[in-house]
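Listed features, source TrEMBL:
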DOMAIN    25-506  domain 'Major facilitator superfamily (MFS) profile'
TRANSMEM  20-46  transmembrane segment
TRANSMEM  66-89  transmembrane segment
TRANSMEM  101-120  transmembrane segment
TRANSMEM  126-144  transmembrane segment
TRANSMEM  165-191  transmembrane segment
TRANSMEM  214-232  transmembrane segment
TRANSMEM  348-365  transmembrane segment
TRANSMEM  371-390  transmembrane segment
TRANSMEM  402-419  transmembrane segment
TRANSMEM  484-502  transmembrane segment
Amino acid sequence: MTTRGNLKVLSALDGAKTQWYHFTAIVIAGMGFFTDAYDLFCISLVTKMLGRIYYTKTGSPKPGSLPPNVSAMVNGVALVGTLSGQLFFGWLGDKLGRKKVYGITLMLMCLCSIASGLSFGHTPKTVMTTLCFFRFWLGFGIGGDYPLSATIMSEYSNKKTRGGFIAAVFAMQGFGILGGGVFAIIVSSVFDTKFKAPPYEVDPVGSTAPEADYVWRIILMVGALPALLTFYSRSKMPETPRYTALVAKNASKAASDMSKVLHMEIESEQQKIDVTPEKNFGLFSKEFLKRHGLHLLGTTTTWFLLDIAFYSQNLFQKDIFTAIGWIPPAKTMNAIEEVYRIARAQTLIALCSTVPGYWFTVFLIDKIGRFTIQLIGFSMMTIFMFALAFPYNHWTRPENNIKFVVMYSLTFFFANFGPNTTTFVVPAEIFPARVRSTCHGISAASGKLGAMVGAFGFLCLAQNQDPAKTDAGYPAGIGVKNSLIVLGVVNFLGTLCTFLVPESKGKSLEEMSGETEKENTLQP
């Protein structure tokens, strides 16, 4: 009787003490997520400026804003690209290996970040078309980073602290969001001081300084820097030992690679790989459906429901802040000042709730478990969303603005100390090595489908019920209050779907995936 799960190289990984290479892997993979979050969320900072620069109508009492179809494209095209990249690179990571594909996604992110800021053309249509084109391919590269970073980190980690390591990679998103906000504050402050312009209500034309066109381009392009800093390190990372041993069937190479990393001698045991019968059931086989069908349903539905709520809040939080009076009316500011105000609000939310929520998960996930954190997160998001929604008119009174922001921040805290992190961690732990990257990609793509529903649906749903009070080009919606009630129901459904997801705390990847099940080996 033998099993690949008993390979000494895998046992050495599972029992390894936390070492320098763990932190190196976290930084290398985490900087990719810093860039991912920066690029995906910084567009929300500049959409109002794009509206002022390219869509202001002469004589209008309010500054220009992006038409609904253009706004949907600019905000959502990177999400479409991300979904496509998650599916494609997730599959490719299982076919070619994690390392071979990892560098491709990084270069795609870097090139398209820079190209987004260089979007060319003399008319609004050409500028928006080229911007959307490059942001689609930017999203495609970002999408690949999800399954590959999660899988690489999980396959390098020991079983005692694996959850914290994977969560730490994902937690770099919080710093990416924070970094985007801080950089936008700096750039807008410098430009507003250097090129002072009057508010729109004083001088509609002069309120948008010609130099404002540089502001949004600089903010978008800087997203390439963190990824560029880690390109060399990514190219030098060895293939994960679990892929090398269990998928490529080269236990000798896996042992050799890990002997160098762990600074210890590890027996190759190639003979175990050679004599162990294959269990290569595919993703669409009855065996996979029997063993992991409910698990995949659980990871896809929870991520889908989470991202409906998370992205509708995050991409459009500037609209919520405007609605409660935390950001002044657009006509009282110039174009660059508006970017500063939105960036300041977003940065405050990131600093007070988003970043702490991520790191609470990092430190507690291996102590209280993935299931418990996800259940608490969805439950608290449901409670806070309903608490915001039902007395919504109470929160919109000027004396209650700060209290509203605190409540709103708590929903972000429990999203990140909850399902936003655990939905990323769990798919990298519970599926077999040969389909691990693919299944993570499918789960993540389901999430991005939810993000599109949240991002596009909230734009329309949150419109005022009075057609005369809606934003230009939008039909009447159900209002912010009713939209928050809908999001509360979505979070409650996420709480229920959490019961489909197994707990992986303290177990090896092979235990979770069933790859340690003993089988009779062929007798010589």
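Numbering starts at 1 and runs along the chain as it is shown here.
Note that Cβ sites are derived from N, Cα and C of the backbone, with glycine treated the same way.
Only residues 6 or more beyond the boundaries of the transmembrane segment (348-365), in the same chain, are considered here, and those with a CB under 8 A from a CB of the stretch are 163-164, 167-168, 170-171, 173-175, 177-178, 181, 317, 373, 405, 408-410, 412-418, 420-422, 425, 505. If you look at the transmembrane segment (165-191) against the transmembrane segment (126-144), you find fewer than three C-beta pairs under 8 angstroms, all six or more positions apart, and that falls short of contact. Non-local neighbours of the transmembrane segment (126-144) in the same chain are 35-36, 39-40, 43, 50, 54, 70, 73-74, 77-90, 92-93, 101, 104-109, 112-113, 115-116, 119-120, 441, 444-445, 448; each lies 6+ residues outside the stretch with a CB under 8 Å from one of its CB atoms. Relative to the transmembrane segment (402-419), the listed stretch 371-390 leads the set 66-89, 101-120, 214-232, 371-390 in CB pairs under 8 A. If you look at the transmembrane segment (214-232), the same-chain residues 6 or more away from its ends with a CB under 8 A from one of its CBs are 27-28, 31-32, 34-35, 38-39, 42-43, 45-46, 49-50, 53, 103, 106-107, 109-111, 113-114, 116-119, 176, 179-180, 183-184, 187-188, 191, 336, 339. For the domain 'Major facilitator superfamily (MFS) profile' (25-506), the mean pLDDT of the prediction comes to 85.
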